[in-house]
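What follows is a set of notes on a single structure, which appears directly below.
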Amino acid sequence: MAGAIIENMSTKKLVIVGVILLLFQAFAFMVGGLIAPSPTTAVDYLAVKCVGKASHRQETKWFMPWGSNQCDKIQSFDEAVAKRIEANDIVFAVHIPMSNNEMSPWFQFILVMLQFDIAFKMTNQIKDGAIVNLDVKLAYRDDMVSEWNEMARSFEKRKLHCNFTFPKTYVNDGRFYTCDVLPFMEVGSVAHKYYLLNIRLPVNERKKINLGIGDIKDIHLVGIHQNGGFTKVWFAMKSFLTPSILIIMIWYWRRISLMNRPPVLLEKVIFALGISMTFINIPVEWFSVGFNWTWMLLFGDIRQGIFYSMLLSFWIIFCGEHLMREEKRQHHISCSWKAFSHPSMTENLHQHCLLGVQLTNPFYSIWASDVGTELALSFIILAGICACLYFLFLCFMVFQVFRNISGKRTSLPALSKARRLHYEGLIFRFKFLMLLTLFCAAMTVIFFIISQVNQGHWHWGGHTVQVNSAFFTGIYGMWNLYVFAIMFLYAPSHKHYGDEQSSGQCITVDEGVKSGENIQLTTTVTHVDGPTELYRMMGKEAQE
C-alpha cells in the first residue's frame, strides 16, 4: 500500500520543498512591506456651513462647499445669529475627495467617521444620553460640470459620548468637549469620481429634536479608503495564487481517486480546505473596478468566514484523527461540535448583518443605538472568548497527540535499525507539521494584534517598511502556502515504501532476534485505511 508523500519523500527533497516554501513566504512579506503602500488612507474633512433657506430647500438642491457653483457660506454660528439665519437653514457640506483630486474604483470602499466640535456653555450643556438627529444626503457625479445624482438619503441618530475635563463654570465657557468619533457612513464600492454629502441638524423644540446637544461649532469627517497601490498588489497576489492552489487541488484529488479504496475523512477535509482556499483566492474583485458592485465587502466577508470555518474545523479533525486513544470516536464527536462553535463564525455574524443593511442604507450603523452597541460588543467579546478557548483546546489536542506518540516510541528501540529510523522519521515529520500548524495559528493572532496597535510603518535604513501591508500579504501568503503544503504532503505517493508492513504482518526486530521476540507495534493495518502509515497505526489502535 502506498503511503503519503510526507512519509515516502526523502529528507533531502523535503528540505528542498521546505526551503522553497519558506522563500515564497519571505517574498509574500516583502511584497507588502517594501512594494505595497499602506492598506488604507485617512483624509480629514472639515464641513463647510452653507445657507439653504426655506425657499431653497427643494429636494434636488445640492450645496457645494467650493468650486464655481459653491453655496452661500457662513464662518460660524455667531454669524448665523447676527444674520438671523435659523439652525434649520444651515447645511454642512463635504465634498469627497478634496479639491483637484478624484476617487477611483481601486479605492474599493469609503468609510466615513464623524466627530463634532462642541463648545461648553453653562446655558447650553450636553445632557446625559444626548442624541444628535441628522438629515443626511449623499450624491455622486463623474465630472465637474454634470448635475449631482442622489445616491442615498436618511434620517439618522447618533448618541454623543463627550467629556469635559474642566470645571463646569462660566470661566470655562468656550472650552471644547472631548467627543468620541462616531460611525457615519460606509460605501461598499467606489464607482464614481466625486461624492457630495449634505448634512442638516434639524431643530424641533416641540418634539425635542436636537435639544441638549451643546453648542456645536464644527463637524469633522474622516474619510478612509483602501489605497489603490495596495489594491493592485492584492489583486496581483490573488491572480497568482488562484491557479497555484487550483492546480495542486486537482492533482491531489486525482491521486486520491486513483486509490483502490474510498477517501477517508481526513482526505475529504483536506480537499474541502483546498476548495475553500480557492474560493477566497478567486480574484472576483477585478470586476469591482468596472462595475458598481456595492455587495463586494459582504461577499468578501462571507468568503473569509467560510475559509476560516473550514480551516479551524480542519485543525480539530486533523488532530482528532491522529489521537491514539480508545475513546477516539467519542472524542471526535465532541471535537466536531467545537469546530462549529469557533470564533470565525461568531465574529463574522454581526458583520454580515451590518453590511447587509448598508447595501440599501450606507448611513446605517449597528453602533448607533445602545442595543446595537451592546449586541456588537457581545459578539466581539464572545468571539474573543471562543478564540482563546479554541486555541487552548487545539494546544491541548496537540499535546495529547505528542504524548501518545511519545508513549509508542518506547517500542522503537527493539526494532531493527532501518525500521526504527523509518518510524522515528515519520514521527519527527508529523510533529514538525503539528508545530507548524500551531505557528500559523499564532501568527494570525499576532497579525491582528500588530495591525491594531502599531503605527503602520517602520523605518529600516533608507527604506520604509509598511508593517500592516506586510502582515496582510504575509499572512495571506502563509495560509496559501500552508494549504498547498498540506495537499502536497498528504497526497498519495507513487512509491510503495513499507508494503511489507502493510500486508498484515507484524513489525519484527533484526533478523538475529529469535522469532519469539517479535514485537507488535499495532501496525496490523489490514482493516484500517488512511493517507499515511502513522495515521493507520493510530486508527488501528483506536479500533482495538
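Cβ from N, Cα, C; glycine included.
Keep in mind that this is a model prediction, so the values were computed, not measured.
Here is what TrEMBL records for this protein:
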DOMAIN    48-226  domain 'Wntless GOLD'
DOMAIN    227-494  domain 'Wntless-like transmembrane'
TRANSMEM  233-253  transmembrane segment
TRANSMEM  265-286  transmembrane segment
TRANSMEM  306-324  transmembrane segment
TRANSMEM  375-399  transmembrane segment
TRANSMEM  426-450  transmembrane segment
TRANSMEM  470-491  transmembrane segment
Checklist entry - Of the listed stretches 233-253, 265-286, 306-324, 375-399, which one has the most C-beta pairs under 8 A with the transmembrane segment (470-491)? => result 233-253
Checklist outcome for this item: One stretch in 306-324, 375-399, 426-450 has more Cβ pairs under 8 Å to the transmembrane segment (265-286) than the rest, namely 306-324
Checklist entry - If you average the pLDDT over the domain 'Wntless GOLD' (48-226), what number do you get? => result 90
Checklist outcome for this item: Beyond a gap of at least 6 residues from its ends, the CB atoms lying under 8 Å from the transmembrane segment (233-253) belong to 28, 31-32, 35-36, 270-271, 274-275, 277-278, 281-283, 285-286, 469, 472-473, 476-477, 480, 483-484, 487-488, 490-491
